[in-house]
Amino acid sequence: MVICFMYLIMTKRLSALVALILIPILFALIGGHYAGLGAMMLDGVKTLAPTGVMLTFSILYFGIMIDAGLFDGLVRFILKMVKGDPLKVSVGTAALTMLVSLDGDSSTTYMIACAAFLPLYQRLGMSVLGMTCLVNIASGIMNISPWGGPTARAAAALHVDAMAIFLPMIPAMLMGAACLIFTAVVIGRGERARLGILHLDDFHKGSVTLGNGSTEECDENRRPRMFWPNLILTLGLIACLIAGAMPIQILFMVGFAIAIMLNYPTIEEQKARISAHATNVLAVTAVIFAAGIFTGILSGTGMVDAMAKSLLQVIPPALGPFLAVFTALVSLPFTFFMSNDAFYFGILPVIAQTAAQYGITPLEIARASVVGQPVHLLSPLVPSLYLLVALAKVDLGDHQRFALKWAILASLGLLAGGLLFGAFPFYQVR
C-alpha cells in the first residue's frame, strides 16, 4: 500500500490529498477489512486532530508576524551578507535552519525558514527545491535533540534517559551537519553556475515583500512600531514551547489571539488577515486529516504489525552482533514507511530485546534508532512536510525526488559519526 501510494504521488497521477484518502481504503477493502473500517479511519483522524489544530494556529501566528514585519530585518541582514551569491545563500539556509531547529519543532522551523529565505530564492531565481531540501534535512538532523520527538519516543520505549541518548550522539550530529553543508555547497555551486552572481548591493535597503499580496499591500500591513512587542511575544512563545509550559496547540492559539489583537485591533483588519492566510491553512490541514485516514487504516488493519514481524523474521542469527548498525540502517526505510510511534514503540523494543543477548545495551540501540530521522521527515506520514511544501509552493513528489538522496547522505553521516565516536558499536558479542 505504501509503495503504491508513493508511486502515485511521485509520478503525479494523484494528489497527496486524494491518495491519502482513497489508496488506504482500496487496500483495506481488498484485504477484506470491511467491518470497522469507518472506526479505524475516525481513530486516525482523532489521533492527528491535535496536530491539525497546532498547524492551523501556528500558520496563522507566524503569518501575522510576517505581515507585521517581524522578519524583515532578518531578511535584509541575510540579503546584505549573501550579496546575490547562490552559494552563500545555500550555505546560509542550512546554517540558519539548524539554529532555528534547536526548538525541536519542525513546523516552527519551516515557517521561520520559509519566511526568511523564500523571497531571496525567488528574487535570485534559485530553485526553491534546493531550499526545501536543505530546510527539511536540517530539521531532521536537529530533531535528535532530547526534547525532539524521536529521542523522546526511543527513551520512553526502552525506558532509558533521553539525555543519555542525546549527548553521545552530538559528534554524530556534527558529522550529519557537515554532510548538510556539503549538500548546500553542491546545490549552491550548481545554482551559481546556472545563474551567476547577481549584484544586489542595495537590494537589502529596498522593500522586502514578505506575506501575501503586492508590495503595496504588504507595506500597508506592516506594523514597524510593534517590532519589539512582537519579538518579545515570539521569544516568549518559543521559550514556553521548549519548557513545555502548556500543550503546543494551546500556546499557538493563545499566541495568535494576542498577536492579531496587538497588530490588527479592528474586526475588519482581523478578518482580512485571517482570510489572507486561509488558503495556506486549508492546504495543510486538509492533508493532515486525510493522513489520519491513511495512518488509521495502516494501524487498524494490522499492516504495521505485519511489517514489523516480517522484518524481525528475516534477521539471521549471524546478524546478531551487528544489530546496532542494522537498527540504524533499517531506521531509514522504516521511519519513512511508518510513523515514528509505530517504529519506536512497535519494532524497537523487540530489536533491543534481541540485541541484549549479544551484549548490545538498550541505550546503544536507542542511539542507533535515530539515525534515520533526516529521511523520516520526507515521509508522507509526517504532517509538517505538507506545511513545508505548501509554504514553498512546490510539489510534494518533486521535493521528495530531489531531497531523498541528500537525506540519505545526512543519515549515513550520522551513522558514521555514531560508529566513529562510540555512540553504538559496529560489532558486539558477549
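FYI, residue positions are counted from 1 along the chain as it appears here.
Every residue gets a Cβ built from N, Cα and C, even glycine.
Annotation source TrEMBL lists domain 'Citrate transporter-like' at 5-372. Annotation source TrEMBL lists transmembrane segment at 59-79, 124-145, 165-187, 231-261, 281-302, 314-336, 342-363, 375-394, 406-427.
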Stretch-averaged pLDDT - the domain 'Citrate transporter-like' (5-372): 84
Same-chain residues at least 6 beyond the ends of the transmembrane segment (375-394) whose Cβ lies under 8 Å from its Cβ atoms: 5-6, 9, 16, 20, 48, 51-52, 55, 59, 106-107, 110-111, 114, 118, 128-129, 131-132, 135-137, 139-140, 143, 150, 280, 283-284, 287-288, 291, 294-295, 331-333, 335-340, 400, 403-404, 407-408, 411
Residues of the parent chain within Cβ reach of the transmembrane segment (342-363), under 8 Å, 6 or more residues beyond its termini: 150, 153-154, 156-160, 164-165, 298-299, 304-305, 308, 311-312, 315, 320-321, 323-324, 326-327, 331, 334-335, 369, 424-425, 428-430
Proximity verdict for the transmembrane segment (59-79) and the transmembrane segment (406-427), three or more C-beta pairs under 8 Å: no
